[in-house]
Structures are given as structure tokens and as C-alpha cells.
């Protein structure tokens, strides 16, 4: 190994860390880190004994690099773990010229990038070995597929064959759901020791909510595509499915957050909208109620709507508790790393689905005529005005929430475009689809209520973009599976 002086420009180190070490932070953060690190070593070098004559300060090995550019050892990857999850020096004792230094926080750590996969295997691996890494995040695929089918059922500007396309996607999603569930069961049978860790590992366990979200989309699609072609038995089956789903979603929201509180020590600076994912199934009780209640007689529709309104409020306020943390993280730590940016679309979901649920439930009150003979609200003189009042309030709140969903969508979209050249496929890409299902349908419903063909046309365009986005993500999904980018040792959520 030869020795020579380090680079004369910090820009060289910045470019090296970005190109070779794949540091995806902003240039200003990389520059600040390098300058602080070099200053730290310079201060330690001043206290060190003089080097032998003719020996420069920085060791370098120019193999594999341009002869005109060489770098200090601190900027090149080595077999020893010099860098932590943030691609920067950790807050730990370091050695320089055999002198031990005290613990020193060189810079404030940015948010975790969630790309800390380790032990990526070169293979080959059998299908049985790959099945061990078939994680809960695969349900994000079925969740997005069901959501796309639901969107196709409400498109206002329709063409012949659109209903058939939606029905095909609905049935296809049921097939995918059976396949994914069978694979998960097989995984737990072959590898029973990983069952508990699937839930205690936050990176995978948080996706367990997508199982229940898939169930919610299948129930809602059954209303859209099944009720018009089935008998009264399906109406009763949907009512039973609604209450079973409500109980399961409640238990999931309680139990899984308890698991997080007990087993996890998450950092506020790493907060992502995905942290509210475990309560999404409970929030969608309101969306389910809005879809099913109109098919039920008043005595069954009434408790459904009460439950739907309650759970929709619970889900939305849980999201409101998380939004200040998320917004603070964006202000102090910047946008997430490329791998985590699709999760930014999850923030669109709570306001969008709340707007959708409020409009649908208000319409159900009118359709089922609950306050026209079945029951009444005490203290209201004219019961006939209640449905109209609910409808007006729901529309006002939906428009109010739509703008919030739009802002979150734009922020996530800009971050996604910025990260496209650097982002390999992961199953969290389906977050680009499902939250926008609620956003798209809410736009369509608002257009219907205010009788605006222009808004409905915008909703139709959004539905078209959503469908083609699903097709693109699905294509990348297949390509990633065949290319060993997912369902592979060291590349999935269980690798964290």
C-alpha cells in the first residue's frame, strides 16, 4: 500500500461518497459530515507522534480509482464497519494512530433510511428458501389490487367494458389473496420459529394491517360487483362480514400497538406515515359502513352507521396525532431516503378516506330513511331535515379534508419523482396506489354532490392514472421477483 496526500477538495469526497458509497443525503449534509470528520481527525493527528520520514498523513490504495484522485481511508469502504445506518461515523470510541478518543457526536443523525438490509445472499436459493422471506408486505399487493377494482366501479364517465374490467380485477384479487395467504401459511408451517418475530419485527409486522385492508377491499367490492347480481342472502352475509371485520380490526389496532409499545424503541426523527398503518383497518370500518349500510334495512343500517362514524373518527384522530411528528421530521431531518419515500403517500389516506366515508354515510342516511319512521333524534323538531343536514355537513367536511389530502399527495409525488433514478422496487411501492384510491373516489363523490361535470372529469382522469399506475407497479413487482430483488435473503422487511 502506498501513501500520498488526500484530496485537495472536499467536493471530491462528496462526489465519491455519492457515487461509490451511495450516500443519498443532500450535498450539504454530506459536506458537513466530511468537514466535521476531517476536522476531528486533524485535531487527533496534531496530538499524535510524528510519522516516519517520507510517510504522508493519509494511507491510500489507488487500485480501482483514477490515478489523479485518491482518498483518505475514512472515505473508502473497508471490511470493518466504519459507517453506521446513516453512512456516517457512529457515536463511539474511534482509533487514530493507536490513540483512543472519547465518545463524540460528530453531527446530528438524520432519519433512519430503512435501507439497512444486511446479509444479502448471492444465491442460488430454492423456492422453499425464498419462501422464508415471503413477508406480510405482500398483502400490500392485494390491497392495492382490490382498491383499484373499487375505483373502477365508481368512475362517472364510463365506457362499455369498464364494469367487466372491474369485475375481472375483483375476481383476480380474490385469487391473488388466496395465493398470498396460502404462501404465508406454508411459510409459517415450514419455519414456525419465525412466526413471533414476524410481528415483533416492526418493519414486517406493521404490514400485517394490509391483510385486514385487503379483506376490507374485498367486502366493499362485493357490494359493488356482487349485490346487483345476487340474492338477499348476500345482503345478510355482508352484514355478518361487517361486524366480524369490525371486531378483528379493533383487536388488531389494540394488540399490535401494544406490541409496538412494549417491544420497540422507535425514534421520533424517523417517523413515517406508515406508523399509523396498524389503525388503518379500524378506520376503514367507516368506509365499509358507507358502502354496506345502503343495502341494509333501517334496523341494521342504523348501528352500522353509528359504528362507522365512531371508527372513522378514531382513525382520523389517530392520524392527527401522528401528523405533527411527521411534519416536524420533514422540517428537521428532511424528506425520507429514496427507499422510504413511497410511504409518504400513506399520509393521503386518512383525510381522503374520511371524506369518502362521510359522504357515503350521509347518503346512506337518506337512502335507508332511518329517521323516517324507524328512529328519531331527541330535541330535533323536524326529523325530516336530519338527512339533509347530515348531507350538507358531510359535503363541507369532505371538501375541507380534500385539500389536506391533496397537499400530502403533492409532497409525496415530488419526493417520489426526485427519487425515481435511485429507488429499486420494494413492495411499499403499492403505497403509491392504495391511499390514492380514497383520494380518487372522494374527488368523484364530491363532484357528484356539487353536480360538477368538471370535477367528475378530473376524478375520471385520476382513476385512469391510478389504474395505469397499478399496472406499472405490478409489472415492476413481477420483474423484481424474477430478478431476486424481493423474496430473497437480505432484501425484504425481515432483514432489518
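The backbone N, Cα and C atoms fix where each Cβ goes, and this holds for glycine too.
Where the annotation comes from TrEMBL, it is an automatic prediction and has not been curated.
As the structure is a computational prediction, the values presented were derived from the model and not from experiment.
Among the residue ranges 240-260, 366-386, 429-449, the one that TrEMBL annotates as transmembrane segment is 240-260. Within its own chain, the transmembrane segment (240-260) has Cβ neighbours under 8 Å at 199-200, 202, 205-206, 208-209, 212, 215-216, 219, 266, 278-279, 281-282, 284-285, 288-289, 292, 304, 307, 311, counting only residues six or more beyond its boundaries. Here the transmembrane segment (454-476) does not touch the transmembrane segment (305-326). Their Cβ atoms form fewer than 3 pairs under 8 Å, with each pair 6 or more residues apart. Touching of the transmembrane segment (338-359) and the transmembrane segment (167-190) is ruled out by the presence of fewer than three CB pairs under 8 A, sequence neighbours closer than 6 excluded. Here the transmembrane segment (210-228) lies next to the transmembrane segment (167-190) in space: the count of CB pairs under 8 Å, restricted to residues six or more apart, reaches at least 3.
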